[in-house]
Amino acid sequence: MSFNQAPPLAGPGGAYGPVPARADQIVPGGAVDLGMAKPRTVTGIQTILWLFAVLAAGGDLIAALTMAEKLNPLSLISLVYAIYATIQAVVTPLQIAQGKRWAWIWAVVSAVLGIAVALTATMFGMTILDRTTWPVLGGIAVGLLYAALLALLLSKPARAWILMNRVKRGEITMQQAAAVHPVPRQPGPRYRAPFEAAQPPAPQPVLETPAPAAPPPGHAPQRPQGPPPRQHCAIHQHGPCRCRVPQGPVR
């Protein structure tokens, strides 16, 4: 990511000076360049979805042939799901590449639904394992692909890609982005999470100097320690007195 911005100034009118920040940090209110390159995670999501589009197109053909030979509710459900999977696998990779949030949500829901269908197919294949093993192998393969797709969709780079494009299109502000994309703070004075607002330094407590204690009853006050004050006397009429002033109790 590259955002090319200067670090913000903390305090009223920047009285506290610049806040330590990384070069790739987004600061609310700053001049932000949202030219974020597409992560490889998004490319992986598109690849899996295109693969599902090819598989779903083959499923459409098989379901249509099965339905033509023998019409039953199971073949009808298979055909409807194959058509749905084909449309979803063609539309969502194009929209996710543009950072559309609704396409990302649709892909997440479809991945969860695909995992459930794969588990159902695997369990169904185990009941007829004595006849053929392809339902079990196919269900396991499809389930692993959907699990990988779900992991990529929920990864941090994919979510950051969707969020960056939403900010770029003006759908949300920087403050809203900080609320929907919280990042835990790490120790260290120079670390600042993305979208984290700059905070001014905490005020330091002012320590008051205690007043001198009063002398005990019956004791004469002591002269203050230090050099005696410069005063005029009968000897030094035209300048400060250089005579030594006795130290000790005032008599």
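A Cβ is built for glycine as well, from the same backbone N, Cα and C atoms used for every other residue.
Just so you know, TrEMBL annotations are computer predictions that nobody has curated.
Residues annotated as compositional bias 'Pro residues' in TrEMBL: 212-230. Among the features that TrEMBL reports, region 'Disordered' is placed at 178-251. Per TrEMBL, transmembrane segment is recorded for 48-68, 74-91, 103-128, 134-154.
Note on the transmembrane segment (74-91): residues 49-50, 52-53, 56-57, 59-60, 62-64, 66-67, 103, 106-107, 110, 114, 117 of its chain, located 6 or more positions outside it, place their CB under 8 angstroms from a CB of the stretch.
If one looks beyond the transmembrane segment (134-154) by at least 6 residues along the same chain, the residues whose Cβ comes under 8 Å of a Cβ in the stretch are 41, 44-45, 48-49, 51-52, 55, 104, 107-108, 111-112, 114-115, 117-126, 128.
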